[in-house]
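Read the structure below first, then the notes.
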Amino acid sequence: MIHWLKQLRSAFGVAFLWLVCLIYFTQGFRSFVWTAVSYQLKDRLQLSPSASQFVFTVSFFPWSIKPLYGIISDCIPIGGKKRTPYLVISTVLSLVPWVMLGLDSTSRSSSLYLMILLTVQNIGSAMADVVVDAMIAEAVRLEKASFAGDLQSISWFAMAVGGICGSLLGGYALTNLNIETIFLLFTVLPALQLLSCTLVEEIPASNELLDSNGFEEKSYDNYSDTKKSNIKRRKGKKKKSGKGASSYGKSVTQKKQSKSKSLGSQLFQSLRAATFELCRAFKQPMILRPMAWFFIAHITVPNLSTVMFYYQTEVLQLDASFLGTARVVGWSGLMLGTFVYNRYLTNMTLRKSLLFAHIGLSITILLDMVLVSRANVGYRVSDKTMVLFGSALADAINQLKFMPFLILSGRLCPPGIEGTLFALFMSINNLGNTIGSFMGAGLALLLGISSGSFENMFMGLAIQVFCTYIPVLFLFLIPKEATGVSAS
């Protein structure tokens, strides 16, 4: 283990590894503060389950447009750099909203202000996620490619550790601290992340923009040479008439205007080239068909997670510390799912693994139906046991469903748009989740499920089970021989 860490440190440097682990740890630790947000919406603002889910869905929408952040960071360098400046900007965006929510009671007491600040915070978190993914893709290219799996593993490990710590401490904090204090405590990690950005040295991009012809990179920055030449000419013309100097001044101004137009034109060409290359990569059957299926798999299944949170806290009387423990078990299930897939299922066809995943997901919803019907009490199985087991099983199965697409996306990153293409897959996933959450909120509203009124909860879960099998009908979109490793 120590030798492995030394190899990674030698290959990438301590500062880079620290920043990657910190960002992923922070992403996992977000459960610490978002649990507090759930209770803020439920207890202090007294929103209904459907209204609360609507706030969550809107605030998490920035995760659905991750390719936009990738295109901007790939094509528009700031100070000659494409990564660290955007990492600083994204960290500030993810830090400031929590400070405002912790210090300003008005922003906490208004669902609209709260939703806006949470949306801004998610813009920062999503952008940071895109940028660090691009940095990893660039770091492992060429001679460091052999460390790709190791770097991804340590990233996932850091996020899992963050998730476990955040879930455990989140439940404890809710029991012993005010919600506004929790918001302020969480700002420590983004602040530390902001300071850590200064430790990583990025090689300037030399103002290179992407050319639409063949997606090649060309340098347009010859302004300094032109400027030196102009200075020499100016010295040689000091004794010339005012008319000549005026003509020369006009010539320089025209050149500057022409140069500005040229830079703007090349910037536009760069953005267009990145978009074109992204579309070209997206059209590949091995990426387009699975993504289309994955999107359908999300939008056809209504998400009732927020409704279940209300049921667990109001009907089952489960406290915050226990729900934090349940999330820890869920993270353990996620890591178990990752291990099982990498160890046993990488050679299984996607059609089979996805079919089994949806059968498993339907079983987890059936467990919720047993919980809602109170049938578990008759068999002397406690509510807490049902929740813990269901959480672990659901996260493990979702990870089995997620891993093949993650691997495919990571292997199809053309040079120059690493952040964009890798972000595209996650955006398909997140946008599908967003639509599924809207559907869940609509279903709860349609069935009259609200705080203190859960009579139709069983019916909602039954509909969810039925919808879980709809994506199975579209498995023909998955290439028949495709696996998580390769495709035929």
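Glycine too: its Cβ is placed from the backbone N, Cα and C atoms.
Away from its own ends, the transmembrane segment (12-33) comes close to residues 98, 125, 128-129, 132, 135-136, 139, 144, 147, 151, 154-156, 158-167, 169-170, 173, 182-183, 185-186, 189-190, 192-193, 196-197, 199-201, 324, 327, 331 of its chain (Cβ-Cβ under 8 Å, at least six residues beyond either end). The feature transmembrane segment is assigned by TrEMBL to 12-33 (among others).
TrEMBL lists 53-72 (among others) with the feature transmembrane segment. If you look at the transmembrane segment (53-72), the same-chain residues 6 or more away from its ends with a CB under 8 A from one of its CBs are 41, 47, 86, 90, 111, 114-115, 118-119, 121-123, 125-127, 129-131, 134, 271, 274-275, 278, 303, 305-307, 417-424, 426-427, 430-431, 433-434, 437-438, 440-441, 444.
Look at TrEMBL and you will find 84-100 (among others) tagged as transmembrane segment.
What TrEMBL records for 153-175 (among others) is transmembrane segment. Tertiary neighbourhood of the transmembrane segment (153-175): same-chain residues 8, 17, 20-22, 24-33, 35-36, 39, 136, 181-182, 185, 319-328, 330-332, 334-335, 338, selected by CB-CB distance under 8 Å and a gap of 6+ residues from either end.
The region 'Disordered' annotation in TrEMBL covers 220-258.
Feature annotation from TrEMBL assigns compositional bias 'Basic residues' to 229-242.
Look at TrEMBL and you will find 243-258 tagged as compositional bias 'Low complexity'.
Sequence-distant contacts of the transmembrane segment (292-311) (same chain, at least 6 residues past either end, Cβ-Cβ under 8 Å): 38, 42, 49-50, 52-53, 56, 323, 354, 358, 368, 372, 401, 405, 428-429, 431-433, 435-437, 439-444, 449, 451, 454, 457, 460-461, 463-464, 467-468, 470-471, 474-475, 477-478. Feature annotation from TrEMBL assigns transmembrane segment to 292-311 (among others).
Annotated transmembrane segment per TrEMBL: 323-342 (among others), in sequence order.
Remote same-chain residues near the transmembrane segment (354-375) are listed as 293, 297, 308, 311, 316, 383, 386-387, 389-390, 393-394, 397-398, 400-401, 404, 454, 457-458, 461-462, 464-465, 468-469, 471-472, 475, 478 (criterion: CB distance under 8 Å, separation of at least six residues from the stretch ends). Among the features that TrEMBL reports, transmembrane segment is placed at 354-375 (among others).
Under the heading transmembrane segment, TrEMBL lists 387-408 (among others).
TrEMBL lists 420-446 (among others) with the feature transmembrane segment.
Sequence-distant contacts of the transmembrane segment (458-478), counting only residues of its own chain at least 6 positions beyond either end whose CB sits under 8 Å from a CB of the stretch, comprise 289-290, 292-293, 296-297, 300-302, 304, 307, 350-351, 354-355, 358, 361-362, 365-366, 368-369, 372-373, 443-444, 447, 449. Positions annotated as transmembrane segment by TrEMBL: 458-478 (among others).
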Given the transmembrane segment (84-100), its same-chain partners at Cβ distance under 8 Å and 6+ residues beyond its ends are 33, 69, 72-73, 78, 107, 117-118, 120-121, 123-128, 131-132, 183-184, 186-187, 190-191, 193-194, 197, 200, 202
Per the Cβ filter (under 8 Å) with a sequence gap of at least 6 from its ends, the transmembrane segment (420-446) is approached by 49-51, 53-54, 56-57, 60-61, 63-67, 69-71, 74, 129-130, 133-134, 137, 274, 278, 281-282, 287, 291, 294-307, 402, 405-406, 408-410, 412-414, 460, 463
